[in-house]
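Report on the following structure.
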């Protein structure tokens, strides 16, 4: 704030009073009366200015007191916003000079908005008292200086400040710097009222009125608020007030020139104290003695004027130095705070780095351990792979040797069994399709098909499909899968299942209709019959099966009546029959691509039917190969049945269905979920504890059947597709007869003397007895050179395949 030199005011004091340096009490009262009768300053005389801070309770108490004391006058709230020296950042609080300018600007805007919002709340409180109110907000590094600047700028005559006294009768606390600073530096024309907790503590009366400086020397010289400068005389006056508040008698001297009035400071009781002192008295007497000499008096006045100007300049320098020192101290405090914040941030970063390093070392150790375990596992896998390849090679050799001997007998038996099975399947199909006028015959592969004129698929409209499902209402939904949602409805005079495919995964409309025509021609007892389609809504209409899915039978809805082990073996055989039919389709194989228990449905007689077959042909190759496609909808159910080689290459083959076929067989045997099931079964087989993995709720299993099914399923679950078997008619026939073989008496010579189980690879040893190939090799590899039957030393360790016995066992197993 710019400081101006004080002007000489003409107060009309007599020559005698001017020479004496003091005014009489009566003259002082007259001057106060004359000043009170003068006109108020045009800018701030009618308003009451109330200083408010950010502490809401104190501010509201101060505002309420002001409204009660100055009822009817306009209230102006004064707030000095002090910008924060520290700026919050991601690294903690740091000085504004070191922060990014954009961050500082944003934080300053936020501070101003919050301050304006607080002031508007104060104004709302004033309006509640129906008082006229406004506010002034300025920014300053020090609140005290900001208040003084507002008083000078707006010529404030009445100012209310909150203060905290040390006690009810004495001076203010040193911490109340605003009150002390206001008493010391606010111009004398402003009346200051100090209030604490809604009570008036003390008033610093206005000693003069703000007036305008006159041009003529004869007119009374007045002084504007802008020309008021805190000089040494005001410091003396402030010191006198503080000492008087502490109960000490103090005298204050107000030096003036050219008719400047000397006034006194008043206390609460209205007593006025004259400024006296030894030095002043001596100065006054000297002044009187020299009054007879006008030249000396003028010279002395000039010297006094120069001394006053010099002292005023020194005072300004002193205050400027004090301001600079305060600014330096504030900067030092801000730097200390920033340094502490930075040190704390550095310590936290070091702790985080240390913990990260420890965690990384821990992870490296775990990685090394996992790598060692992986190496051991890979060695075991390689060993098992070699054994499997050797077994496959031996099996191929045996097949080649037996081919000629079995040709005639096998052909006759196959034809006989095929005719019988075809008759049964044809009768079943005739029962289900009776009344439709279509002739069914038996094909060469043993599967039911249609010849000549068969019923075409019904092309349905979108309105018919929406009407049957109530516009695909959630209440009609009975299932949801990776390909789409399944709804139950009434169409074509029967209950049907309507599958609405996700159109964004499908190919074009033309390809959709082509594939639907191909799928509509597929007929098999263990495939769900496709009745119609709607290309507008991408929907397929098929027969509805009441007993739900195999998933429901194994894990959810029908636990109270579980499937018996014979039903499970029969379902495996029926499943393999349908799979063989799809894989033998011409001109190209039909790959299901999404086999799982949810897609194996059961009719009223618990006969299985595969659904969703051929839908993978409707999906674009890009979508089918997408890793995220098979995780949509059912990530926990589909992925364990997905071929690992398909996950690597993205190529879907019939061996992918074989892999899922093996996993489903294991689920039917164990009654467990597929995650980690292959590993558990392999471990049980290697430890010889297969009886621990079977589902006991299915009844007492035949361990011969269990071992054959486990052997087949583990072959189907090989990681490499080339090591998996094909689903052939011979395999289907073996599975169909598997569950009935236990009901007949097994000839003793079909049983291995070591394992007492039906032999699948009979081998003749040197003692003349026939053993299961794997059992006798294990006996010899363990160092035994004697016969397991007669305990005599063997002449040699060679084994000879017993083809005749093997053929007899196969014939017996295939016999109905």
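Residue 1 is the first one shown; counting continues down the chain.
Keep in mind that glycine also has a Cβ here, set from the backbone N, Cα and C atoms.
Quick look at what TrEMBL lists:
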{"type": "REGION", "residues": "275-315", "note": "region 'Disordered'"}
{"type": "COMPBIAS", "residues": "275-285", "note": "compositional bias 'Low complexity'"}
{"type": "COMPBIAS", "residues": "304-313", "note": "compositional bias 'Polar residues'"}
{"type": "COILED", "residues": "318-415", "note": "coiled coil"}
{"type": "DOMAIN", "residues": "472-738", "note": "domain 'Protein kinase'"}
{"type": "BINDING", "residues": "500", "note": "ATP binding site"}
{"type": "DOMAIN", "residues": "745-816", "note": "domain 'U-box'"}
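Residue counts for the compositional bias 'Polar residues' (304-313) under DSSP, split into helix (H, G, I), strand (E, B) and coil, are 10 helix, 0 strand, 0 coil.
Other Cβ atoms within 10 Å of the Cβ of the residue listed as 'ATP binding site' number 20 in total over all chains. Secondary structure of the domain 'U-box' (745-816), assigned with DSSP and counted as helix (H, G, I), strand (E, B) and coil, comes to 24 helix, 12 strand, 36 coil. In the three-state DSSP scheme, residue 500 (ATP binding site) falls into the strand class.
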